[in-house]
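Quick notes on the structure that follows.
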Amino acid sequence: MARYIFITGGVVSSLGKGLASAALGALLQSRGYKVRLRKLDPYLNLDPGTMSPYQHGEVFVTDDGAETDLDLGHYERFTGRPATKADNITTGRIYQDILTKERRGDYLGATIQVIPHVTNAIKEFILDSNDAYDFVLCEIGGTVGDIEGLPFFEAIRQIKNDLPRGEAIYVHLTLLPYIPSAGELKTKPTQHSVKELRSIGIQPDILLCRTDREIPKEERRKLGLFCNVRESAVIEARDVDNIYAVPEAYHAAGLDDEVLAAFGIAPKAEPDMISWNVINERIRNPEGQVTIAIVGKYTGMKDAYKSLSEALSHGGIANKVKVNLDWIESEVFENEDPAPFLEHVNGILVPGGFGQRGAEGKIRAAQFARERNVPYFGICFGMQMAVIEAARNLAGIAAANSTEFGPTKEPLVGLMTEWLRGNEREQRSHAGDLGGTMRLGAYPAMLQRGSRVSEVYGGALEISERHRHRYEVNTAYKDRLEQHGLRFSGLSPDGVLPEIVEYEDHPWFIGVQFHPELKSRPFEPHPLFASFVQAAVVQSRLV
């Protein structure tokens, strides 16, 4: 039977509950336990698929096509266990399911209320299909005190009472701010946060205290006394130099030992931290460095590209180099020459995005990379813009454009009206809803024998990658573009949808319709990112 660990947050948002959950899961996993991580989001959206990247950050897509919170990316990267649509739920989804049942008459005329109907739905989600795991870690989004989070806190309060004694614990992540004028860490915000939790019936078992310095023994004692936890359960969560040092830091602070003690479990053995030690050694002592320009639309919000920046870091780990990121707003290139911004970089990456804003800037970035022989990696929208650039400047199709931006005489990129999903054919139109209507999840692609991308994948001729797009390169232009050197080296199994393009006479120029960053891990860097960074290393030696 699985045991449950509920991770809550207090004082301020963005403290790192997702990283804390992922790191704790990795520590338990390294001790030989099977873990599952789930995220409960209190917002009313059905999923983050249509939310602004500036508000929510990245949308993380799973193999089974769920659009989820970016924290699931942390879970996958730290534990290696692929997340599914069953690992993320929102208030909006819960309400939709409840109201659908109410319309069908499933509740037999009962009055639908937050308690018990909403809380029961949350409990069912948390407790479902966990028999194969030793620990289930559930992160509650937001902070204690948020109105929209109250049903979730009530649900996890009930779960601890419903389960046998010792089968569930609460870990509360909080902030210990340092006040320079007073010269001390302040515990009062944490005390008030715990007071708020206790007022709704939840007593934390462990306090995980974010701080930039060591917690003095007296402050640790005070926290234990006023928050009603053991002094040993006041865990110091010190700031670290990179996120992959978090498991090491939490283990050194005794978090995993304290969790097992809270369950009354004798530790099986010390966790196997060798792989984490190797990764952090490479990060802290690189043998060189490269600079990659990310030319995107949402560069003001780094979390919009969370998996992307982490995948580039993984590429650096694979090549034992530090990857410096130069974030450039693509709109800049619509009015200015890209050369002054890009001449110093060793690689250019144009990521995914939606809409016309900044598109011409991405096209100019692709042109610069092609003409200057700078390694170029185009992902999703970045591949589409590279194809439009080739059509305009190599194939002489001056009007080449995407129907996403409006009607065009030369639709190099157009809306996918239908595609196969398993054994079913899905169809879309311009008039349809935006939410949940993209080509989502893992799809296969066939690679051309002898192509660069096949070589990158170790000679593979078939791959599976995650997608999130509703527009696709038009295969009607394939022959004309290939005559000018742009090779369509990857296609869907039916040959209809272009998946990968590349230039054979370029040091490294690859565009992919999928999102390889979603499957990259620190221990298993995605081959495309490892190869891209390797090409950037070669380019850096030529400058």
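Using N, Cα and C of the backbone, Cβ positions are placed for all residues, glycine too.
According to Swiss-Prot, the protein carries these features:
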- SER13, ASP146, ILE147, GLU148, LYS186, THR187, LYS188, PRO189, THR190, GLN191, LYS222: CTP binding site (BINDING)
- SER13, LYS186, THR187, LYS188, PRO189, THR190, GLN191, LYS222: UTP binding site (BINDING)
- SER14, LEU15, GLY16, LYS17, GLY18, LEU19, ASP71, ARG238, ASP239, VAL240: ATP binding site (BINDING)
- TYR54, GLY353, PHE381, GLY382, MET383, GLN384, GLU404, ARG470: L-glutamine binding site (BINDING)
- ASP71, GLU139: Mg(2+) binding site (BINDING)
- 291-542: domain 'Glutamine amidotransferase type-1' (DOMAIN)
- CYS380: active site, nucleophile (ACT_SITE)
- HIS515: active site (ACT_SITE)
- GLU517: active site (ACT_SITE)
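Shown here: features listed in Swiss-Prot, placed on the structure.
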residue : record                   : contacts (Cβ under 8 Å, 6+ apart)
SER13   : CTP binding site         : GLY142, THR143
GLY16   : ATP binding site         : LEU173, ARG210, ALA237
TYR54   : L-glutamine binding site : TYR298, GLY300, MET301, ALA304
ASP71   : ATP binding site         : LYS17, GLY18, SER21, ALA22, LYS39, PHE60, GLU139
LYS188  : CTP binding site         : none
LYS222  : CTP binding site         : THR187
ASP239  : ATP binding site         : ARG210, THR211, ASP212
GLY353  : L-glutamine binding site : GLY296, LYS297, TYR298, LYS362, CYS380, PHE381
GLU404  : L-glutamine binding site : PHE354, GLY355, GLN356, VAL413, LEU415, TYR471
- Query: In the structure shown, which of the binding-site residues THR187, THR190, GLN384 has the fewest other Cβ atoms within 10 Å?
  - Reply: THR187
- Note on the structure: Across GLY18, PRO189, GLY382, listed as binding-site residues, the smallest other-CB tally within 10 A is for PRO189
- Determine the minimum-neighbour residue: among ILE147, MET383, listed as binding-site residues, which Cβ has the fewest other Cβ atoms within 10 angstroms? ILE147
- Residue from SER14, PRO189, GLN191, HIS515, GLU517 whose C-alpha is spatially nearest that of MET383 (L-glutamine binding site), among the recorded positions: HIS515
- Task: Return the maximum Cα to Cα distance in Å (whole number) over the record's ATP-binding residues: SER14, LEU15, GLY16, LYS17, GLY18, LEU19, ASP71, ARG238, ASP239, VAL240.
- Result: 20
- Alpha-carbon spacing, PRO189 (UTP binding site) to SER14 (ATP binding site), which is rounded to whole Å: 16
- Message: List every residue in the same chain as LYS186 (CTP binding site), at least 6 positions away in sequence, whose Cβ is under 8 Å from its Cβ.
- Response: LEU176, PRO177, TYR178, ILE179
- Spatial neighbour of THR190 (CTP binding site) that is closest, considering only the binding-site residues SER14, GLY382, GLN384, ARG470 and their CA atoms: SER14
- Message: Using DSSP and collapsing to three states, where does GLY16 (ATP binding site) fall: helix, strand or coil?
- Response: coil
- Message: Of SER14, ILE147, GLN191, HIS515, GLU517, which is closest to GLN384 (L-glutamine binding site) if I measure between C-alpha atoms? They're all recorded positions.
- Response: HIS515
